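Since the structure comes first, as structure tokens, the remarks are kept for the end.
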Amino acid sequence: MSMDEVAMVTDDEGRSWPVGQAQRAAFVLADDDRECLRAVARGIAARHADRPSGLHLDDDDLMVDCKLRMLREGPEALVRALTQFRYRSNPDGVLLLRNVPIDDVLPPTPEQGNYDGDWQRLEVATMTQLAVMNILGDVISYADEKAGRIIQDVAPVLGAEKRQENTGSCFLELHTEDGFHPQRPRFISLLALRPDHERVALTLASGIRRALAGLDGGTREVLTQPIYRIRLASSFVGDREDVYAGPVPVLSGSPSDPELCVDFHAMTTEDPEGRRALASLRRAMLTNLVGHVLEAGDLLIVDNDKAVHGRTGFAARHDGRDRWLRRSFAVPDLRRSTADRLPRSHVHRRIFKSRIDQSRADRRPAYSND
Ligand SMILES: [Fe+2]
């Protein structure tokens with residue numbers, strides 16, 4: 001699809017919604033800034049070259065180095081834009097960075113949803129993403145999901161097409177990322193290594209600042225009530241268990257500039273008014289969609305307190321060249337989760353224990369599953 005065409009998204013009720021272009025507000029790195037950032041990433045990678053792959057990227061010293069090098073040597077205009085976004089966000093709640101450096105030669109897109117090769121083969125993409133995230137906040141990951149990898153791969157997995165999670169390729173309903181988690185991310189970054197073959201997978205977002213104007217006072221009031229529960233993602237609990245967090249409100253904080261936590265696929269309430277308010281919010285958010293087909297070198301940052309995100313469907317070929325994004329999370333204050341992490345680790349311990357594990361260990365569950 002051409003960037004100039006107006007895309008339409010059809011929801012599961014058959015209604016179509018126009019999608020604005022996230023790239024209108026994109027921050028496009030100048031070529032010399034891209035090369036500057038590539039040099040920063042390579043410098044960090046060289047100093048940490050002896051780190052093995054996987055969880056061994058989980059270390060405070062690496063994060064300190066990323067932040068320090070970015071501040072001292074990174075492109076000033078980019079650091080400024082990231083810091084302003086961190087302080088102020090924006091009406092759509094997303095910041096699209098373009099012309100971001102990635103590695104010249106890429107491994108095949110991982111078939112099982114996780115890249116298990118040497119991180120050094122992706123050193124530019126890996127360290128660029130960590131450098132960006134360390135300006136936005138404190139990097140965090142979750143032991144329940146993808147084994148706590150600091151940077152996770154988002155790629156279509158054969159047989160998982162219909163899943164409402166990162167391994168799927170059908171329409172992904174608008175949601176707050178990990179809204180059920182006590183330390184949910186403030187910022188999500190998605191760095192594209194490869195787009196989908198047909199360039200039709202629109203990454204979608206919608207900001208509460210725009211949607212709020214479409215909600216009457218009564219609806220806003222209902223959405224501030226703690227009457228909603230969110231089902232934990234299957235990527236956390238597997239397929240066999242329905243586990244809910246909450247009750248929580250959908251809107252919190254400033255009445256005129258609230259924070260948002262919602263999931264239009266996995267959120268429920270027993271309250272009929274609450275259901276009506278949730279449906280009104282969904283319509284208001286679908287009315288204000290922005291979207292972008294992520295190309296190689298695009299890095300989309302979602303403000304997870306101000307925007308929901310989703311994705312339109314696409315067809316995977318499982319040929320090693322499928323869509324491949326790399327994802328990482330940041331929280332505003334890592335210290336809030338000190339009791340739930342090992343010293344110097346950025347991986348939050350598991351919040352979920354299966355019913356089988358619970359009965360064996362006779363422990364109180366982190367969340368009820370009634
Ligand atoms: Fe998501």
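Glycine residues also receive a Cβ, built from the backbone N, Cα and C atoms like all the rest.
Copied over from TrEMBL, here are the features:
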- 163-328: domain 'TauD/TfdA-like' (DOMAIN)
- His175, Glu177, His309: Fe cation binding site (BINDING)
- Thr219, Arg323, Arg327: 2-oxoglutarate binding site (BINDING)
Binding-site residues close to ligand 1 - of Thr219, Arg323, Arg327, only those whose C-beta is under 6 Å away: none
Spatial neighbour of His309 (Fe cation binding site) that is closest, considering only the binding-site residues Thr219, Arg323, Arg327 and their CA atoms: Arg327
Diameter of the 2-oxoglutarate binding set by C-alpha atoms, the set being Thr219, Arg323, Arg327, in angstrom: 38
Where Thr219 (2-oxoglutarate binding site) falls in three-state DSSP terms: helix
Per-residue pLDDT averaged over the domain 'TauD/TfdA-like' (163-328), given as an integer: 94
Using Cα positions only, nearest of the binding-site residues to Glu177 (Fe cation binding site) (Thr219, Arg323, Arg327): Arg327
Neighbour count (Cβ, 10 Å) for Glu177 (Fe cation binding site): 21
